[in-house]
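Listed features, source TrEMBL:
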- A:108, A:150, A:181, A:182, A:183, A:184, A:189, A:268, A:269: ATP binding site (BINDING)
- A:112-298: domain 'ATP-grasp' (DOMAIN)
């Protein structure tokens, strides 16, 4: 057993945003040495790690030289240079999630093919080398409207996704590798975080329910546990575990799911890391997702994923029409409510829909938590002054 | 309302040990800028603050120059230069806890006199300018054996406290200002943390029960809630609040109490800051003590102090016979138990009885939490290799 605590062991983290920042709470708690790389001098991870390196996460040389002297390398964002990770792994650095998992996930087309190849339920889709091929396919009768267009690469937080209802909706899209996905008529969007270690032990978190902001395509509320029946919950957890096992993934895998009108469960997409849908776990769970990620990648026993109390998470995103130095309005009002915990990521500049923080509301009673969450959402404003 | 979040506001913290480190989790969570001073280059707070200053906490000039450019100044250890704090306060820096509260508490004789003057129940005591005066007082019949000798200044973690059963026990004690306290025949040692803001709003945490290590005079288990009847719990919370109000204290005040055989509550001593007896709150409470301390000193609404689940805290202290680079043995074993969270403070060197970390065990069922705590305590070893 490696001695991780107050030792010379060094964990490398690619990416220095809010997810990395919250991983650092846990490395600090256990006094695990960390080295973080990010492309921004103002990355939220800049302090609280032992060593910060400014570098381009997509650059082979930057990632390779960053990873050479760490013992275990992980990520907090999936868009990193995978070739460098493979070379590091081949040279003896432990890399979790595994480079091949990242490679498959980075491309939405190969991700979808992976589900198909592994008999994982997902919506129908077609793959195109260029967006320009789509029009022809519709005209040939090969593809029917409406559908969801997704660029194969670098879709993140609503970028690179568009619902196509008419051919004219295709105008202005980048001419890139993409997929056209069947538009799923769903009752709920759900998510399940699976934690899995290298021994193949896998434990799922409870199913959460997500409500999206209609314009920004960003999660507005995450509700744990989801208000669904036990049978659907079990099916969702089963499917999520199936994905993690198919990847033989080590670390956290956040699996976003559709619950269809017929109570089918379809995999939408996955993120191989701590995830927005698991932020509630800091206040609500026996083991929060960031600690659990460390347990997975360090080969420590997996923690208990059950909740102590019900949790609702509200994302704090920049208000429309505001660009500049951020001010959080009415935060003192929301602090006067019971069980309310704001998390401020530390980004100094706000812009419309930028993820600036989140607020977790916990309560013994889910209904009460959801009510307070609504008040929080209505009161707090992320603006510039 | 001051804008604390992602702003230019700066909080100063005197002391950079484990309490400061855990305060920094909360300032990071809210992106509040911090500046920390400690006398050690290896202080656990060295990272995760925005600015670290190496300096002597008891030195007037060091404390004064440290505090000049912060907006609010607080402490994580009470042995700091109070003259400098008074000057800073007079010059407009907000200092919480207030310098006069620290001055009273720093001296155990004036602390006891304060209780007496404010009709706060505490054990009988006599005050001596020098330890050498005690012998005479015993011989004159003014003082009866046994009693507890405490040096008036700088008693911390079992230093400066001795039970005197025979005159010969006085041998070797430093000849300093001291008190002789009646030895209380108690059923339980309890503690209550009171959180109070400048508006005079005060909220207490639940009563905890403490079990001390017989040799090291350090807390071995902290159990929340204390296994006492409701009437005693209410009395304990009432007395603790009385102390906080008498001081007009702003911040957290940890009040250590004796529950006598007759269910009287007597104040033993207090700490004007987050406290070992409140560490369980990180995992068990709706609002942990460190966040609550910030809420108090920043004039934010006080958080809910109730617990989500039962909590037991075990201190991790250095094993006897071990000095040097620390190794935590069997930590992976304890991580396989449900609801177990180790906190490693980050001190690289262990020595006998040094506080190196703590482990919190939470469970819906107190009995189960207490059982697991026993296993944790028996398994984990803090040694050097």
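From the backbone N, Cα and C atoms, a Cβ is placed for every residue, glycine too.
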Would you report the average pLDDT that the model assigns to the domain 'ATP-grasp' (A:112-298)?
-> 93
For residue A:189 (ATP binding site), the three-state class that DSSP assigns = strand
Structural state of residue A:269 (ATP binding site), classified by DSSP into three states | strand
Can you check what DSSP calls residue A:108 (ATP binding site), collapsed to helix, strand or coil?
-> helix
Where's the emptiest Cβ shell within 10 Å among the binding-site residues A:181, A:269?
-> A:269
Determine, from DSSP, whether residue A:181 (ATP binding site) sits in helix, strand or coil.
-> strand
Within 10 Å of the Cβ of residue A:183 (ATP binding site), how many other Cβ atoms can be counted across all chains shown?
-> 14
CB within-chain contacts under 8 A for residue A:189 (ATP binding site), separation at least 6 = A:209, A:210, A:211, A:212, A:256, A:257, A:258, A:259, A:268
Just how many other Cβ atoms lie inside 10 Å of the Cβ on residue A:108 (ATP binding site)?
-> 23
Recorded ATP site residues A:108, A:150, A:181, A:182, A:183, A:184, A:189, A:268, A:269, farthest C-alpha pair in Å | 19
